[in-house]
């Protein structure tokens, strides 16, 4: 049971979770050959995390998505050592992963004021360079946002995640009585009487094959990586996406959800998880619940959806049961 009152809801309008940017370090300053003076180093380009920043705000503020640092000062008689060029800082939200054009991870920003150097400024002219400056580094980078929340709601479409979030917070996510899936993350916050806050993320619904990027696929799964704990929300009546897809019982749904997470990234199976069995007010719900509990207590005795796999992911189901 949730105690306290829900006081804050943050909704993402026109949600953006990735951006492509051009960055360039500043060129170095000219050296002074006659007196051996060195030009200043070009400025660097940094990506810096800010709690109150979003990628949409970044795109709106810098529509051209170009970030170039300042040039280093030339060496001169009054200042033989040229001053360094002005650094350029790109403000991004906490929870951003930065990769280069080839997909190589440059770094991640997990807390306020974390910073990553993405384009280094060129050296100033000096004796070794015949007093000629070097150009700054050019780099195209990708910002990939992964939500950070205390609890991430995981479930197939129409499992009741949005309804649950709307009851425990002031969130007003879209809710429908058909296989509707949230198309953008919704984040609600719950404040307890002792002023402790918990953030809960209603993430876009999974479908079978999400680990292969079907449906919302990786766009959904990447957000799960940045939640501290998972809450599996499962419809006691099971799930069927459409008349052309297989019907899955509640037990099979749990196994499928677990398997999708594992196949996407094995480390996700170590994340703390709880199970919420939803829609218990439906006819025959109690009978189905008793069947489900028996299946959870003896998972290896029941046929599972992934029959061709040599390894079936059961440990998470057992963990859910004992929690």
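Cβ coordinates come from backbone N, Cα and C, glycine included.
Features reported for this protein in TrEMBL:
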- 13-148: domain 'Obg' (DOMAIN)
- 149-323: domain 'OBG-type G' (DOMAIN)
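DSSP places the residues of the domain 'Obg' (13-148) in helix, strand and coil in these numbers: 10 helix, 51 strand, 75 coil. Confidence over the domain 'Obg' (13-148), given as mean pLDDT on the 0 to 100 scale, stands at 94.
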